[in-house]
Structure formats: C-alpha cells, structure tokens
Amino acid sequence: KYMLPHYLSSDDKIPPYAGKSLDSIVLANFLVTINRFGQSAGIQTFPKRELHPLGKQTLRGSSETKRGLSEQWLNWLTGLIEADGFFPNEKDKTLSFYISQSTKNAPLIYALKYWLGFGKVRWQHSEKMVHFVIEDIPNLTILANLINGRLRTEFKYEAYVKWINRFNKKAFVKNKVIVEPLNPNIDLNWLAGFTEGNGSFFIGLGNSPKSKLGVQVTLNISWTQKHRKTLELFASQFKGIWSYNKTQKCWEYNIKRKSELKHLLFSVFADNPLYGINKYDYFDLKRACELFNTKQHLTESGLKLLLEIKSNMNSRRTSASIKSPNY
C-alpha cells in the first residue's frame, strides 16, 4: 500500500485523480505516521555531515487545515513555493497566490490541494501548465502563517513581505500576519521541496578519445535561478560548479563530484523524498550512480544501460517510463 507523505494518520486514503487512485501514479512510496499535532513519529537525527534545520517551531495555523501537516512537510512546501510559487505584487491588483507546474506534474498539484484541504486547480492547456491557486482571504491567511518563518531565499522573502504588507492593509483582513525574519538555515525537507520545483537530475554525455569506449558520461544534480545569491545557499553546503546561461539569463549550480552526488542521492533525498515527477529522474540518476559504484559504466553493457536510462529522463520521460516496475 502506498501512502502520500505526512498525513494526520495512516488511515488517510489517497484521493482520485483522473479516474485513478494516486497510488497507481505513485506520487510517493514513503510511509510516515503523523500524530495529531503534526509531528512525525520518532525523532529525526542528522549526521554531522548533513545540514541542520532550525529547532522545533510552532505549527502556526496548521490546525485549520484538513491533514494536521507536519513540520517536515511544511518545510518541503515552503521550498517548493520558493522555487515555483508566486506572490503577486501591487501591479497585479490581486492577492491570489499560485504555484505553477508542467502538466506532466499535475498529480502533484492535485495532491497539494488534497494535503492542504483548500485551493483550486486550474489548467492552462495552451502553455501545457497547471496551477494550484488560492484566492480567498481565510485560506490565504492560513498559507501565509504556515510558511511564515520558513522562507530562506532573500528575493522570495522580499516578495512575501510585500505581499503580506498589502494583505494586512485590507480592512476586511481581521487576523493580521506578523512577518517573521528570514530563516538563514537550510533544511533538508526545504531542500527537497525546492529541488521538486527547480532542481534537475540528469546524465551528461560527451566524446572522450582517452576513454576505452570513446564516451564520457557524467552524473549531475543542478539548480537554476535568475539570482546567483539564491543558489549561494546551496553552494555553502555542497561543492559544485557555477555557470551562467546568457540565453536564458540565469545562473546554474551543478553538482558533479562523486562524493557529493552519493551524499545527495543516497542520504539527503533518500531520507527527505521528492513527491512529484522529478522523483523519477532522481531514481534514474540513483540507478546510474550504482552502475558507477560497481564500475559497470566502463563496460559496453553498462554503457548501453546508462544510455537507456538517459533516454527516458527529463523532457523525454513518458507516462510509460513513470509506470516502470523499476520504481
């Protein structure tokens, strides 16, 4: 039995999606039992090598949601929001909040609505996008409080503060939101959420005359942002390579070092999972890394398997590859 993450109890059922249960799509196979106060059973510990989150915080407003959401899941949600969420500015003449994903990731958008217990799903077929939207003041207030004190990137935090200031000025807003400071510490669940929306797991391929097989294969985890300062949060924790894309006018921070890749693939994202379509690219890169660990990538059969894995990743992924029994 598959369960979606961080529910109030293990008895919560998976909601229908397009006529099928979400377990058939397998958003997550991560079993977690949450007590009524939203804290996960047991104590999560972090090795010295890993990143340390802030201490225990109060779940502001979580009792007003349907699921009794956990501290871990709220950090994951905030990470996703900082990657792909949008706080409208004054020019937009609205207070509505939304998160946008490609239509391939529609199950995650529907799951967000289910987990939170409010919001709407809107499709933009012409752009192959789907949006999770919150428009009403009571639920905007809940969301604002749920992520308050959890934001970690300067530019998204500034947008949040401006949004809250506009929000609080409305006469019909009875419960004003008191903005907490920017959180300076990275959290592993937050990292998973941010990677959900903005991260990339991929296999690079190039010619290499020095290689026995004539091919050089690289494994990569990267994040892309318009502002370099946002990615400096990742650079402070993981050793990687900076690059700037002049065409798209954005910065990329790429992890290629074997030790860092193994730490992220077999520790960080294994213990703090992804729930959307990006999870499948993570699984594929993990499989590729296992081939590297056993030196199989140096053999013709191993290279063939790597190329097969690569052929189904990222934009080439289809519904068939999502349903692969390898997951």
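Backbone N, Cα and C define each Cβ position, glycine as well.
Keep in mind that TrEMBL annotations are predicted by a computer and have not been checked by a curator.
Annotated features in TrEMBL:
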{"type": "DOMAIN", "residues": "77-164", "note": "domain 'Homing endonuclease LAGLIDADG'"}
{"type": "DOMAIN", "residues": "191-288", "note": "domain 'Homing endonuclease LAGLIDADG'"}
Counts by DSSP class (helix H/G/I, strand E/B, coil) across the domain 'Homing endonuclease LAGLIDADG' (77-164): 50 helix, 19 strand, 19 coil
For the domain 'Homing endonuclease LAGLIDADG' (191-288), residues assigned helix / strand / coil by DSSP: 41 helix, 31 strand, 26 coil
PLDDT averaged over the residues of the domain 'Homing endonuclease LAGLIDADG' (77-164): 93
